[in-house]
Amino acid sequence: MTQVYNFSAGPAMLPVEVLRRAEQELRNWHGLGTSVMEISHRSKEFMQVAEEAEKDLRDLMQIPANYKVLFCHGGARAQFAAVPLNLLGDSRSADYIDGGYWAHSAVKEAQKYCTPNVIDVTTHDNGVTGIAPMKQWKLSDNAAYVHYCPNETIDGLAINEEPDFGNKVVVADYSSSILSRPIDVSRYGVIYAGAQKNIGPAGLTVVIVREDLLGKARTELPSILDYKVLAENDSMFNTPPTFAWYLSGLVFKWLKEQGGLGEMGKRNQAKAELLYGAIDRTDFYRNQVATANRSWMNVPFQMIDPSLDKLFLSEAEAQGLQALKGHRVAGGMRASIYNAMPIEGVKALTDFMAEFERRHG
């Protein structure tokens, strides 16, 4: 059987060790004679799963004690509404950094609840897109918070700086880059991330929120999106996505076994450098993102002759290189190389790219 590497942007590849363990435990979890999917979320057995998952995530990210960790539904799109309704209070304005597709999507949702101060930080130079340094961002004085997306999956744009905005409340959508390298959680008021890219399967959303920001929700906020309600109920205000929570917990343990986020950062940088190097080495392929803002997680690329795209994708698929088609709004190709993608998968892709160019260049 051909070795398969899944380059999907999400739902994304999971560590094979995690899948094997889940397979082994699927029908008889911990000797109970049933699946973890079938037990009560309030049972002592599942409570242990939940507690261990939170502890391991706190250890991995070094989350300070004055932050709550919530395991929620709804993905990042639910958080696009939850953030303003939890944090605006009496304010009518928040700063929204617009650096790509998902940042702009957050703006559109926030417009239902406030008047966002939209700050376009993209730069354009001879067809190459980048992001202006944070020191050039024109933040307002009276914003309730500053929202940005550190990694844009579609555009392949990354903001690699961490925020240093004094006392401003910083909110970050880390859906596609959480756990890919160490970050300083204390620089943020809220971090949120859909699980389906770098945490676990779709259906779970992780929210990390500083305790002093709880209890400011607007009255019209649905209880299921209220950070204070979720925190007071240990993320079990309603039945949570238990299987996704369990699998994410296995991923956290796998990350610790691999050496933690420092080690993952080294691996992810090496994978990205290998793939960008293959693209930059030739005129046959191109990436139109400024070097300083190239994503380690999502690498879009185009061929000089777009008529070859379909052939490239079909031949790649035949060799076990799956899900390389670019997003519908961007076209071309995109390789998502999250934590679970081994460097062998990236080497297989770059070898295929070189061979394809040899035959069609």
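Using the three backbone atoms N, Cα and C, a Cβ is placed for every residue, glycine included.
Feature list (source: Swiss-Prot):
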BINDING   ARG42  L-glutamate binding site
BINDING   ALA76, ARG77, TRP102, THR153, ASP173, GLN196, ASN238, THR239  pyridoxal 5'-phosphate binding site
MOD_RES   LYS197  N6-(pyridoxal phosphate)lysine
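Annotated features, which come from Swiss-Prot, shown on the structure.
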| residue | record | DSSP (3 states) |
| --- | --- | --- |
| ARG42 | L-glutamate binding site | coil |
| ALA76 | pyridoxal 5'-phosphate binding site | helix |
| TRP102 | pyridoxal 5'-phosphate binding site | helix |
| THR153 | pyridoxal 5'-phosphate binding site | coil |
| ASP173 | pyridoxal 5'-phosphate binding site | strand |
| GLN196 | pyridoxal 5'-phosphate binding site | coil |
| ASN238 | pyridoxal 5'-phosphate binding site | coil |
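For the pair THR153 (pyridoxal 5'-phosphate binding site) and the residue listed as 'N6-(pyridoxal phosphate)lysine', the C-alpha distance works out to 10 angstrom.
Sorted by the number of other CB atoms within 10 A, the recorded positions ARG42, ARG77, LYS197 start with ARG42, the lowest. Using a 10 Å Cβ-Cβ cutoff, THR153 (pyridoxal 5'-phosphate binding site) registers 25 neighbours.
For ASP173 (pyridoxal 5'-phosphate binding site), the count of additional Cβ atoms within 10 Å of its Cβ stands at 26 [all protein chains shown].
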